[in-house]
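Undergrad: Shown below is the structure under consideration.
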Amino acid sequence: MELGGPGAPPPPLLPPLLLLLGAGFLPASSPVETRAHAEERLLKTLFSGYNKWSRPVANISDVVLVHFGLSIAQLIDVDEKNQMMTTNVWVKQEWYDYKLRWDPADYENVTSIRIPSELIWRPDIVLYNNADGDFAITHLTKAHLFHDGRVQWTPPAIYKSSCSIDVTFFPFDQQNCTMKFGSWTYDKAKIDLVSMQSHVDQLGLWESGEWVIVDAAGTYNTRKYECCAEVYPDITYAFVIRRLPLFYTINLIVPCLLISCLTVLVFYLPSDCGEKVTLCISVLLSLTVFLLLITEIIPSTSLVIPLIGEYLLFTMVFVTLSIVITVFVLNVHHRSPRTHTMPAWVRRVFLDVVPRLLLMKRPSVVKDNCRRLIESMHKVASAPGFWPEPEGEPGVVSGERSRGPSRSASFRGPRDEPAEPQPACASPSDRVPAPQPSEGDPGSPCPLPDSCRPPPSTRAPGLTEARSLSFQHVSSAAERVEGGVRCRSWSIQGCAPQDEAASVAGGPVTSSPAFPKASAAELLPPDQPSPCRCRCRKEPSPNAVRKACGTRVPARHLPLSPALARAVEGVQYIADHLKAEDTDFSVKEDWKYVAMVIDRIFLWVFVIVCLLGTAGLFLPPWLAGMI
């Protein structure tokens, strides 16, 4: 059967329907795929015949305006020794390229694309004051291209810029570091810079633990260099950064202040303890070790001396002077009359004037210990119950004490006394003298020789005070019956010339601490009668008392036994020795007090200097507004 003939069935409608259905159910191309194809077509269109080496200007005389900005991400380090600042920044650059324009309607409404920055023209902006590394940007990120020809490029960079570090007020210093950006090839007639912002963007800044950015302002400058006749523009950002001083205050300043305080305490330490020089040397050694540790902390620059370096030098001189002064004070402290003689001006200045100015009061102690001992002995000897009395007999005063400035008891034998002048005997007593008979008194059973009448205060010129010793003897009952008079005491007196007494250590006469015990038989030989018979109980008349107080007795008329002479010599030696020791002790105490006054002077001087040095450390940075 022929197709299309009469009576033939109509052709099937399946293929056209299938075609229609297939055309209706076919997926249309996605917008992303369409945009990708549009960007691909756009890139092919833009870069066909594009030359990245030529400036993007339609006229050769036109200027490419590059908008420049800076955003800092982190202040990495400030190297005071090498004088450079390391920063992590984003360099913002924006310019127009007329060869990279298109109509978004022709390319599926594509308004911007990201393209590799190596494919387009870029301004050769570098960091002028680069200290280490590359001057230009090394990491070339993609640029953002807009349909109107605007190009935005923000590559990150780590710069090490040169920075003039001024460590005068270290660690309270504030630095001013700059970063200078500009075109290295094109002058102002080809490329001009326009600042995006007047300050550095710090929104994404990572805070540093040592520095804080106070200010970061950018300024536009033009400069004509010696190499070229053209004028070159640049944008300079000035970073004002301030150091955080907490670390250096704890680890540097506080130890220095404590060492200075230890140096001051050296002058408060007593010299007798023997640790003054040890403390000084210990402080000096600790300061030396401390200086070895902080050499890595202090900026090692020779342009200026840091303030903390000056303070450390001041502390070192401080400690050294304290050692020198301590040695001098110890020398003064250990002086004695056998090695040094104290000048009058030293005694006047350091024992009288300076202590009053320093409000120092010396304790009023009795220096003559031997004199106090003898005075106490005299008080005991003068007590009413000291001398024994027989029964039924009233007590008779027989103890004699010298009223002179030196209350001492001593003896001088015939071999010790000079021939001339003749000394006068004096035996004053604190009590009423015992009754003594006179020659004119017929009722006196016991006549008193003229040689036994001691005057109370008579003394020949050029003589020392009389020294007397009384010995007590109680008569027996047979003696009282035979003689009729009870003799109780004998008094032996002797004097020494003034020139002989003055030759003993040149000081006041000191007292002997003890008397030798002797009986009446040892005082005088048995075959020689005593010139002084006894003291009688009869009350004397006023004339007899006056005569007894005015009679002079030569010392050579008083004979001494050998045992008593040896005892007297021993007592005299002990008295002279104690007197010399007491004099030496007094002078030594004066030297020690002079040393203490010198210590107190330098204590206040060093305290004032330490306070002034500490104020000098903190005051200049505070006045400069850095604290």
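Backbone N, Cα and C atoms are what each Cβ position is placed from, and that goes for glycine too.
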Undergrad: Are Lys361 and Lys44 co-located with respect to the membrane, according to Swiss-Prot's topological domains?
TA: no
Undergrad: Using the record from Swiss-Prot, pick out the residue from Cys163, Cys227 that is joined to Cys177 by a disulfide.
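TA: Swiss-Prot annotates a disulfide bond between Cys177 and Cys163.
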Undergrad: Taking the topological domain 'Cytoplasmic' (333-600) alone, what is its mean pLDDT?
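TA: That stretch averages a pLDDT of 55.
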Undergrad: According to DSSP, folded down to helix, strand and coil, what is Cys273 (S-palmitoyl cysteine)?
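TA: SS state of Cys273 (S-palmitoyl cysteine) = helix.
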Undergrad: Going along the chain, which residues at least six beyond the ends of the transmembrane segment (601-619) come within the CB cut-off of under 8 Å?
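TA: Residues 172, 253, 257, 260-261, 263-264, 267-268, 307-308, 311, 314-315, 318, 322, 325, 329, 354, 358, 627 contact the transmembrane segment (601-619) from elsewhere in the chain.
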Undergrad: May I ask for the distance between Glu80 (Ca(2+) binding site) and Asn59 (N-linked glycosylation site), taken between their Cα atoms and rounded to an integer number of Å?
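TA: With the alpha carbons as reference points, the distance is 49 Å.
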Undergrad: The transmembrane segment (311-332): which same-chain residues, six or more beyond its ends, come within Cβ distance under 8 Å?
TA: 253, 256, 259-260, 263, 266-267, 271, 276-277, 280-281, 283-284, 287, 291, 294, 591, 594-595, 598-599, 602, 606, 609-610, 613, 616-617
Undergrad: Which of these recorded positions is closest to Asn176 (N-linked glycosylation site) if you go by CA atoms: Asn59, Val78, Cys227?
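TA: Out of the listed candidates, the nearest Cα belongs to Val78.
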Undergrad: Quick one, of the glycosylation sites Asn59, Asn109, Asn176, which Cβ has the fewest other Cβ within 10 Å?
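TA: Minimum Cβ neighbour count within 10 Å, taken over the glycosylation sites Asn59, Asn109, Asn176, occurs at Asn59.
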Undergrad: Do you know offhand how many angstrom separate Cys227 (disulfide bond) and Cys163 (disulfide bond) by C-alpha?
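TA: Checking the Cα atoms of Cys227 (disulfide bond) and Cys163 (disulfide bond) gives a distance of 24 Å.
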